[in-house]
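*Asks:* Residues or ranges marked as DNA-binding region in Swiss-Prot (evidence: sequence analysis): 21-96. Residues annotated as domain 'NR LBD' in Swiss-Prot: 130-405. Annotation comment: Swiss-Prot describes 394-405 as region 'AF-2', evidence class sequence analysis. The annotation zinc finger is assigned in Swiss-Prot to 24-44, 60-79 on the grounds of sequence analysis.
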């Protein structure tokens, strides 16, 4: 046997190995390195860049599960773009086209209500337009895979802008910034009653399946939804505005939970109790506000719940089942809607939030629902107490509203 040549051994040890060619994670063609956060070929990288920069919206003619491989001559663009997102391509990495002309002033052609609401929203940010990543909009490229949640976001902004109009007092300018103030219980009741038609419209704008239901089933769902939604939304508004010592209302006003005496004080009216009795009354209701803070507001803050996760929770609350007078067809439709939203939520958590374990996040979200039920029951019990003893009792229409006895 011939001795091993040490020189040849050294050369073999330090000779660079032949690099394996990468594969495009979208179409399985030969890769061209990392583009926008994922291994991709030049064709898929160019397709993604063009789709994002031009705000393209694609529609799948199948079931959103088309095969995406390089040997298919005409790949489904909708599924191809969805695959780009699923493998980790980030739309934020695409440099948007520059406007070489510069910003141009756009003059309104008319002064209809929708344009008026839009301009109000620009002048005074609505409640969910706080400067927070929790309420940021997604790139339009996500529209195809999250149609319901994206529709809820667009229509929630419309509702938010409309709130700026309906909660204005007579004589107040629509274009002057409204300063939030602490309200008393009569003002809070009146604001909640004004909210009913807006929330009903929002539900109809968001869910096409709701519009097709018989009127009696619409009433069953909405009666069951309004009070839990009000409690859930109030907690979310506190969360995104980073406050836990007040209860923020959709109007932007708030209940000062550290000074409940002012909540039960009605200026220019004779008080039904002495100051000492009011103090005892406040101590009796303080635990209810604390339950809301500890059960909903603080957990939302800890989990950093964002606006799309909030919409998913709203969907689960609205399409409840086993309700009095609810039909089997209504329950089946509700299950179908919730299944679709759950798929959209899973896609959002995986592709937009980049979570490795979306199921754990979903589980954390769902733990808020039992706490919501406890807060709603406590609120209804408090309203019942004030009604029975006729002390700071709310008007009948608000009492019926809270207990689902309206419409």
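Glycine is no exception: its Cβ is also placed from the backbone N, Cα and C atoms.
What's the neighbourhood like for these features in this structure?
*Replies:* Here the region 'AF-2' (394-405) has Cβ contacts under 8 Å with residues 185, 189, 192-193, 196, 223-224, 226-227, 379-380, 383, 386-387 of the same chain, all six or more residues outside its ends.
With a cut-off of 8 Å between Cβ atoms, the residues of this chain six or more beyond the zinc finger (24-44) that come close are 68-70, 75, 80, 83-84, 87-91, 93-94.
Counting residues 6+ beyond its ends, the zinc finger (60-79) has Cβ neighbours under 8 Å at 24, 26-29, 41, 47, 51, 144-145 in the same chain.
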*Asks:* Provide the three-state DSSP residue tally for the region 'AF-2' (394-405): helix first, then strand, then coil.
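*Replies:* Helix, strand and coil residues of the region 'AF-2' (394-405) number 7 helix, 0 strand, 5 coil.
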